[in-house]
Amino acid sequence: QVKWKGKDLFDLVCRTLGLRETWFFGLQYTIKDTVAWLKMDKKVLDHDVPTEEPVTFHFLAKFYPENAEEELVQEITQHLFFLQVKKQILDEKIYCPPEASVLLASYAVQAKYGDYDPNVHKRGFLAQEELLPKRVINLYQMTPEMWEERITAWYAEHRGRARDEAEMEYLKIAQDLEMYGVNYFAIRNKKGTELLLGVDALGLHIYDPDNRLTPKISFPWNEIRNISYSDKEFTIKPLDKKIDVFKFNSSKLRVNKLILQLCIGNHDLFMRRRKADSLEVQQMKAQAREEKARKQMERQRLAREKQMREEAERTRDELERRLMQLKEEATMANEALMRSEETADLLAEKAQITEEEAKLLAQKAAEAEQEMQRIKATAIRTEEEKRLMEQKVLEAEMLALKMAEESERRAKEAEQLKQDLQEARDSERRAKQKLLEITSKSSYTQCMNSSTTALPTDLPSFNLINESLSFDFKDTDMKRLSMEIEKEKVEYMEKSKHLQEQLNELKTEIEALKLKERETALDILHSENASRGSSKHNTIKKV
């Protein structure tokens with residue numbers, strides 16, 4: 001609405017997103033090539049917003065946490081930070097070394113695709129994904145397939161991590177990058193030397209324009225007494241009065257206003273972290289723990305259901321395989337039965353033919369016997385006829401003997417064929433019995449299969465020692481807290497030893513493929529810092 005203030009529009013966006021950790025975010029717009037943030041107590045249309053419609057604002061993280069895992073409570077807050085940091089790394093607004101880029105890419109893939117499945121995530125499934133900064137891709141003689149292979153190898157190790165867990169691991173690694181959460185501004189000191197001012201959650205840092213990784217001077221928030229500006233001149237007064245006041249000039253008054261806004265916001269959050277949580281934050285953290293426990297139980301339940309489903313599918317596949325085997329056995333039994341029936345029919349037919357042949361031979365033998373008797377009766381006529389008759393009788397007897405032997409052999413063969421027929425019929429009966437048993441088993445298997453399948457402020461000055469903040473920068477407790485925080489950082493780095501070993505292994509592996517002539521200034525600076533053993537935290541502590 002026309003009368004709405006910045007807070008009205010901001011609150012509407014936060015309600016739409018379901019976001020309660022609103023203190024990290026803001027609505028950003030661009031005016032005359034300068035970034036600006038919507039003020040909460042000023043009407044939206046009273047800002048120097050562009051006149052053309054529609055007026056575009058970007059909902060972005062304005063302030064960054066020191067420790068994402070401890071400070072970001074809501075899942076939506078973590079997700080928004082993950083999206084913004086990932087885009088800044090891919091757009092090369094945050095420098096990220098190549099080996100860390102591959103590891104971050106693997107967590108981004110885990111957050112998007114879930115657990116790695118070689119049957120689903122086949123070669124080329126990341127071809128259309130933007131996962132690595134173009135600077136990293138151009139620095140090595142490696143094909144997209146080679147990059148995908150290395151990202152997938154780490155992606156496979158993240159099995160079991162939910163989306164929010166993968167995104168938090170991404171942020172835990174990204175927050176240790178030197179340029180993470182730093183807003184850079186071009187400034188000049190009293191001598192006119194060009195420098196860069198960096199504002200982040202830890203304090204103010206002065207950089208050389210050619211080196212955004214390692215600050216030359218740092219002012220932690222707990223060591224700054226006052227920050228103010230007059231026109232384009234900006235003044236930083238340290239808590240220790242022995243230290244000189246640091247003054248510098250910016251290009252525009254609008255830039256000084258923006259710097260002061262960021263200083264106030266970051267300092268307020270710096271103070272809040274070192275006090276007891278408010279009732280609202282305590283409530284959110286309790287709700288987050290309950291929600292995390294509920295999701296953990298839900299994931300365990302889903303894992304059990306998945307395991308049961310996989311077991312049921314394996315049982316079903318086994319039953320289907322067994323059913324196919326029984327069907328094959330039944331088919332083979334049917335074929336054997338048919339062959340047995342055919343054999344029995346052939347044997348029966350052959351036995352019948354043999355019987356007929358035996359009868360015919362017996363009839364011939366009888367006729368031969370009659371002929372022999374007739375010859376004997378007429379053999380007495382003459383001696384010659386007798387002799388001839390005896391010869392014929394002898395021949396007839398031999399013929400009759402042969403006929404009798406043949407008849408006997410045929411009779412035995414017929415008997416043997418009857419026995420073969422009987423055995424064939426027995427074999428047929430046994431085959432029918434086996435087919436009946438297989439049929440009964442098949443019906444039981446189908447029942448088992450069916451049962452198994454059913455399973456399932458625009459302020460010109462800002463005093464950092466205001467009494468309302470109820471915080472004494474001279475108190476030694478703050479230094480002790482700082483030491484404890486540093487100690488926690490060291491412990492965290494020790495726990496990350498295995499991760500560092502993996503990163504060094506990948507760095508060594510791809511070093512041979514690096515094109516030295518394509519190294520950027522930040523690549524060279526990062527290599528020098530790494531060879532000296534410098535990191536973001538010990539560098540800030542040192543300066």
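Just so it is clear, glycine is given a Cβ too, placed from its N, Cα and C backbone atoms.
Between the listed ranges 272-313, 482-523, TrEMBL ties the annotation coiled coil to 482-523. If you look at the region 'Disordered' (410-429), the same-chain residues 6 or more away from its ends with a CB under 8 A from one of its CBs are 337, 340-341, 343-344, 347-348, 350-351, 354-355, 357-358, 361. Secondary structure by DSSP for the region 'Disordered' (410-429): 20 helix, 0 strand, 0 coil.
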